[in-house]
Amino acid sequence: MSDISKASLPKAIFLMGPTASGKTALAIELRKILPVELISVDSALIYKGMDIGTAKPNAEELLAAPHRLLNIRDPSQAYSAADFRRDALAEMADITAAGRIPLLVGGTMLYFKALLEGLSPLPSADPEVRARIEQQAAEQGWESLHRQLQEVDPVAAARIHPNDPQRLSRALEVFFISGKTLTELTQTSGDALPYQVHQFAIAPASRELLHQRIEQRFHQMLASGFEAEVRALFARGDLHTDLPSIRCVGYRQMWSYLEGEISYDEMVYRGVCATRQLAKRQITWLRGWEGVHWLDSEKPEQARDEVLQVVGAIAG
């Protein structure tokens, strides 16, 4: 697309970053100054009843800066990148039609990628094919299926660990249904985002600072009643660790504690470690991201001013 035609597109802002980097605080600050409406880009914040462990904006923050795509699913329900793209595009169109600018804030990089680049034409899940794969895994083990994937799609096999049955079975399922590999199909992108996007990433300047913030926040969550929140989910009886909601960082570790599998101290240790690993993956995504403007979360006023400098011209 030429620069002239891109300039004629409606404007949007991406505010990305690892967990505990100060994204929400900056987004709320920007909403006071710019004509923006906020859309959450977070695969955990979509769930109702999961507030403390996801660091969901509190009632006061949401009053000052409402977020769209919060609390839109029950924890028993799945929500895909395709679901997000559909919903986000609808919200963006609604915001643009009102003469305002969508500001998408969050840390689920897969959602940002799906929104920006479109989605590959992957086949829908087939319960029969999936059942055959799981039966084979039960008989031969996931290592055997991983070797099978290596033969048909070595690129995907190098990326997927043998102990990751969800992604492994999906890669094989795609091949069995379509006759094409996951790698081949994901190289075919869908429709690009029809917006002129200003992209920002916020993070502390050092990994040590981010690690400190993550540990502090995890302990703050515990002090705020995180255990009671997960106990309420646990008591429902219809939720389990195979669900995306309960696999969320922090929730999975607390669930293991409630099931008596690990001690409280081990839960805290694992929860902090898992959150740090999540942040590392998010930063790895962002380092390979094109056209992103980096902001230092230890200097919030400077970060705000840098965003205003870049996008201020679009606010008139």
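Any Cβ shown, glycine's included, is placed from N, Cα and C.
Feature annotations, courtesy of Swiss-Prot:
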- Gly17, Pro18, Thr19, Ala20, Ser21, Gly22, Lys23, Thr24: ATP binding site (BINDING)
- Thr19, Ala20, Ser21, Gly22, Lys23, Thr24: substrate binding site (BINDING)
- 42-45: region 'Interaction with substrate tRNA' (REGION)
- 166-170: region 'Interaction with substrate tRNA' (REGION)
- 247-252: region 'Interaction with substrate tRNA' (REGION)
- 280-287: region 'Interaction with substrate tRNA' (REGION)
- Thr108: site 'Interaction with substrate tRNA' (SITE)
- Arg130: site 'Interaction with substrate tRNA' (SITE)
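Shown on the structure are the features that Swiss-Prot records.
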residue	record	Cβ contacts under 8 Å, 6 or more apart
Gly17	ATP binding site	Lys23, Gly107, Ala201, Ile202, Ala203, Gln282, Leu286, Ser297
Pro18	ATP binding site	Gly107, Ala203, Leu210, Leu278, Ala279, Lys280, Gln282, Ile283, Leu286
Thr19	ATP binding site	Ala55, Gly107, Ile214, Val249, Thr275, Leu278, Ala279, Gln282
Ala20	ATP binding site	Ala55, Leu210, Arg213, Ile214, Arg217, Thr275, Ala279
Ser21	ATP binding site	Gly107, Ile202, Ala203, Pro204, Leu210, Arg213, Ala279, Ser297
Gly22	ATP binding site	Ile202, Ser297, Pro300, Ala303
Thr24	ATP binding site	Ala55, Pro57, Glu61, Val105
Thr108	site 'Interaction with substrate tRNA'	Val41, Asp42, Ser43, Phe84
Arg130	site 'Interaction with substrate tRNA'	Ser169, Glu173
Rounded mean pLDDT for the residues that make up the region 'Interaction with substrate tRNA' (166-170): 90
DSSP-derived class (H/G/I helix, E/B strand, else coil) of Thr108 (site 'Interaction with substrate tRNA'): coil
Residues flanking the ATP site, with Cβ no more than 8 Å from the Cβ centroid of Gly17, Pro18, Thr19, Ala20, Ser21, Gly22, Lys23, Thr24 and excluding those residues themselves: Gly107, Ile202, Ala203, Ser297
Near-site residues: substrate, ref Thr19, Ala20, Ser21, Gly22, Lys23, Thr24, CB cutoff 8 A to centroid: Gly17, Pro18, Ala25, Ala55, Gly107, Ile202, Ser297
Protein Cβ atoms within 10 Å of Lys23 (ATP binding site), excluding its own: 25
Local backbone state of Ser21 (ATP binding site), from DSSP in three classes: coil
Residue counts (helix, strand, coil, in that order) that DSSP gives for the region 'Interaction with substrate tRNA' (280-287): 8 helix, 0 strand, 0 coil
